[in-house]
Structures are given as structure tokens and as C-alpha cells.
Amino acid sequence: MSHSSTIDIESSTTQSYALNDRKSDKVNQEYPGQTEITHPVDSENGQSVPKDVLELKTQIGLGVLGLPAVLDTLGFVPGVIVIVALAVIITWSDLVVGYFKLSHPEVYTVADAAHIMFGPIGREIIGFAFWLEVVAIAGASFLSISVAFNTITEHAACTVVWAVIGAVIVAVFASIQTLGRISWLGWVGLISILSAVITLMIAAGLTDRPSLAPIDGDFEIITQVVAQPSFVDAINAVSIVVFAYAGTPNFFNIVGEMREPAQYSKSVVAAQTLITMIYLIVGCVTYHFVGQYIASPALGSAGFIVKKVCYGLALPGLIVGGLLYAHTAAKYVFVRVLRNSRHLSKNTPVHYMVWYGCVGFTCGIGFIIAEAIPFFNDLLSLIGALLGTLICIQMEAYMWMWDNWRATNRGTRKWNLMMAMNAVFFVLGCFLMVAGTYAAVVVINDNLNSGDAGSPFSCADNSGN
């Protein structure tokens, strides 16, 4: 069942540029229209940055800002179990990416893998799903940027205006085609988000009154070991955790660039272990000190002044995250539009018009998503359920089964156990996709009908000030 076939000339091999962009793209001379991936963004003076660090950069972002709310919904023990369980499942998915890439060196993206297994139609479906996921993440960045500006300025302008400003800033930087030459952007984003959540944890332990607690009078912070959420709330919380680990497609690039691919598994396990530790520490510490007064995003939880500081620290990271994901989505559309054309690699007027048009289109769709679903945690859960499960769980489980169906050890105990494990992961991914999408739609619909949490394209303050 495993066949190492060459991707046809229509294959778009430039999807996973989000946090691992390239210094240059060049047209493959043997297969015109296919873009070769060249040197990694994080190489400087010929030395590659350790891949576990690069993997850390592909994962930590908006997702960590929703994890304290997960613990508030599920309780300490179930919340920790869900985070660790999904960390194990998606770590396996990341490992499968490496195994599949080594067996099929011509694969650069999840869409290329889909083409090998399902043909051109599968490539288009999975490619579109990945593109939509990346655009939606960029949209979530626009939403968080509007919250940050509202918090810092005390709602000095209409929320839609702040979202537009965020989208424009992101579009300007995302339009830089040589984005790979400024690799420090990824470091800025990582340091920015980490410094913000560290400040949040420290402040949460020192503050006398969380920002969402009653302004006057006594109040009680309530934390639960085991909560009793409804099915809809519980599945929404699980979907946020899926979103937090949804960097799997970027690992195709990482394994392809490793000088010693055999070390890929070790780097994945090390990176995912560190990421999970960060997630657990941020979630547990913040929830312990803030309790039910968790803001969405969590940066607004620890007092009026402190949340301004947190959002000020996080703002560069929110912008960088948005621009890198917007750049990814724009590059995907750009290559698909100009494939088999000389304009793909030549600096012609058509080349630039199409490129800037793709960036504008991508940011426009992201802005619409952000304003149509102006609820941060609900947007994360929808992305995680509808797209994260497909791209980060189901695809990789099926990739392993497809690649090993006719393996030489077929029928052995190890083969049977591994096949059963991947089948379980695939079914679990399907369940989370259907149930999670249903739950996210229910909650979003309830919020839209109530109007208490905001409304689409509203000028109302979304910072909780």
C-alpha cells in the first residue's frame, strides 16, 4: 500500500510556511510549477537552530491563552488529563509526519500526503482545509489584537477599527516575500507570548482582585478539582486543547531540513514535553489564583493595570503570529494561481499584483472570520474541532495505517497493536471533529442570540474593561 510516487506538476508544496518560512523559493526544473523548499528560516551562518526549539516556536501561540479556561470548565484533574492525553496523541501525529516524510521524500505538506493517498481530489480537499485553518488562526490573531488595543487604550476607538488596524499591520508585514530573511520575527513572537504569560502568572499570584471579580465588596475565588460541565462545554474545552497543539503540518518542513533525520523523533518528544509542561504550568497556576474569573483571552485575568502590561508584552507576539499565518495562506494561494507560469519565480508586474492580491484576500477573509465570530475561546474551539482534528489527528493516523498496511511485519503483535492504536486515534479524531464542531456552533449561536458576549462587527468593547 506504500508507494513512493512523484507529486504531479499541480502539487502545491508551499503550504507550511507559517512559522518556518524560507529565504527563497525556486521553481523545480524537473517538474515545472512545483516549488522547491530551500534553506530553513532559522539557519544563520550555515548553522541550523536546534529543531526542538523550532518545534517550540511552531506550537506556542494563541492556544496557551485559552488553557486556563479549559481547567475552569473541566476542573483541575480532568483538565490536566485532557491536556496530557491530547499531547500524547498529537505527539504521535508529529512522529508519523517524520516517518511518512522519510518514506516519501517528495512530500512537503499535508496536502501532498493527501495526494499520495487519495489522489488529486483528496489533495484539494485537505489543501483547502489546511488553508482555511491557517486563515482562521490569522483571524483569531486579529481578534486578539483588537482585544489588546482595547485594553491598552481603554477602548479609545471602535473595536472594528482596532481589528482593521490589526489586519492592516499584519497584511503589510505578511506581504514581505523575503520574510524568511528576518528569522528573528519568530523569536520575537515566542518571547513576547512567553513573557506575557509569565507576567500573568506572577501577577495572578500577587493581585488582590482579578479583573473580572466584583469591583466592590467581598468575593470568593472558586477552583474545582473535578467540575461538572455540560457535554457541550466539555467538548468545547477539549477542542481548545486540540487548537493549542495544532502545529503538526509545519513538521513536514522541519523533518525535511534536519541534517540527521534519525534525530527527529528525539527532538519531537523533547519539544512536546517542554510545550506540555509550559501549558500545564500556565493553565494550573493561572486557574489556581484566578479561579472562575478567567478572562478570554486569559491575559485579561490579573487586575486592571496588569492586564494592560500583559497585552502590551503580548502584542508583538500576536502580530507576528498573525502575519506568519497570513503569509502561509497567501503563499499557498499564490503558488496555486501561478503554477506552471513564468510569473511564479519572475519579478513581473503580474507576479506582484497576484502576490499582493493574495495577501489582501487572505487578510480580508481572516478579518471576516474574526468579526463574524467575535468570541475568542469559541473561535479557538471551532478551529480546533472542525480543522485541527482533521489536520492533526485523523490525517496522521490514516497516514500510518496507509503506509504500513502491507508492511513486512504485518500480522505480528506489534503491528496489530499499532494498527489498533491508530484506528482508535482516527475514530477519536472523527468523534471530536463532529461533536466539537456541533458544540462550538451551539455555544457561538447562544452567544450571538444573547448579545451578552458581543455581536458580529460591533464597536462594543471586547476587553472586559
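Every residue, even glycine, has its Cβ placed from backbone N, Cα and C.
Since this is a predicted model, take the numbers as computed values, not measurements.
If you look up TrEMBL, you'll see 56-441 marked as domain 'Amino acid transporter transmembrane'.
Listed as Cβ neighbours of the transmembrane segment (64-92) (distance under 8 Å, sequence separation of 6 or more from its ends, same chain) are residues 144, 193, 197, 223-227, 229, 233-234, 236-238, 240-246, 248, 268-269, 272, 275-276, 278-280, 282-284, 286-287, 290-292, 294, 296-299, 301, 376-377, 380, 392-393, 396, 421, 425, 428. Per TrEMBL, transmembrane segment is recorded for 64-92 (among others).
The feature transmembrane segment is assigned by TrEMBL to 125-149 (among others).
Among residues of the same chain six or more beyond the transmembrane segment (156-176), those with a C-beta under 8 A of the stretch's C-beta atoms are 138, 141-143, 145-146, 149-150, 182, 185, 318-319, 322-324, 326-327, 330, 355-356, 359-360, 362-364, 366-367, 370-371, 374, 457-462. Annotation comment: TrEMBL describes 156-176 (among others) as transmembrane segment.
The transmembrane segment annotation in TrEMBL covers 182-206 (among others).
With a cut-off of 8 Å between Cβ atoms, the residues of this chain six or more beyond the transmembrane segment (268-291) that come close are 51-53, 55-56, 59-60, 64, 67-68, 70-72, 76, 79-80, 83-84, 87, 90-91, 94-95, 98, 194, 197, 200-201, 204-205, 207, 210, 221-223, 244-245, 251, 298, 301-302. If you look up TrEMBL, you'll see 268-291 (among others) marked as transmembrane segment.
Residues or ranges marked as transmembrane segment by TrEMBL: 311-334 (among others).
According to TrEMBL, the transmembrane segment annotation covers 354-376 (among others).
Annotated transmembrane segment per TrEMBL: 382-402 (among others), in sequence order. Taking Cβ pairs closer than 8 Å, the transmembrane segment (382-402) reaches residues 1-2, 89-90, 92-94, 96-97, 99-100, 110, 113-114, 117, 126, 129-130, 132-133, 136-137, 140, 235, 239-246, 248-249, 373, 418-419, 422-423, 425-426, 428-430, 432-433, 435-437, 439-441, 444 in its own chain, all 6 or more past its ends.
Taken from TrEMBL, the feature transmembrane segment covers 423-444 (among others). Within its own chain, the transmembrane segment (423-444) has Cβ neighbours under 8 Å at 89, 92-93, 231-233, 235-236, 238-239, 242, 373, 375, 378, 381-382, 384-386, 389-390, 393-394, 396-398, 401, counting only residues six or more beyond its boundaries.
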Counting Cβ pairs under 8 Å that sit 6 or more residues apart, are there three or more between the transmembrane segment (354-376) and the transmembrane segment (125-149)?
yes
What residues elsewhere in the chain lie close to the transmembrane segment (125-149), defined as a C-beta under 8 angstroms and at least 6 residues from its ends?
12, 15, 18, 61-62, 65, 109-111, 113-114, 118, 157, 159-160, 162-163, 165-167, 169-170, 246, 249, 297, 299-300, 311-312, 314-315, 318-319, 321-322, 325-326, 328-329, 332-333, 362-363, 365-371, 374, 376, 379-380, 382-383, 387-388, 390-391, 395, 462-463
For the transmembrane segment (182-206), sequence-distant contacts whose Cβ falls under 8 Å of one of its Cβ atoms, 6 or more beyond its ends
19, 41-44, 56-57, 60-61, 64-65, 173, 176, 278, 281-282, 285-286, 289-290, 298-299, 301-303, 306, 309-311, 313-318, 320-321, 323-324
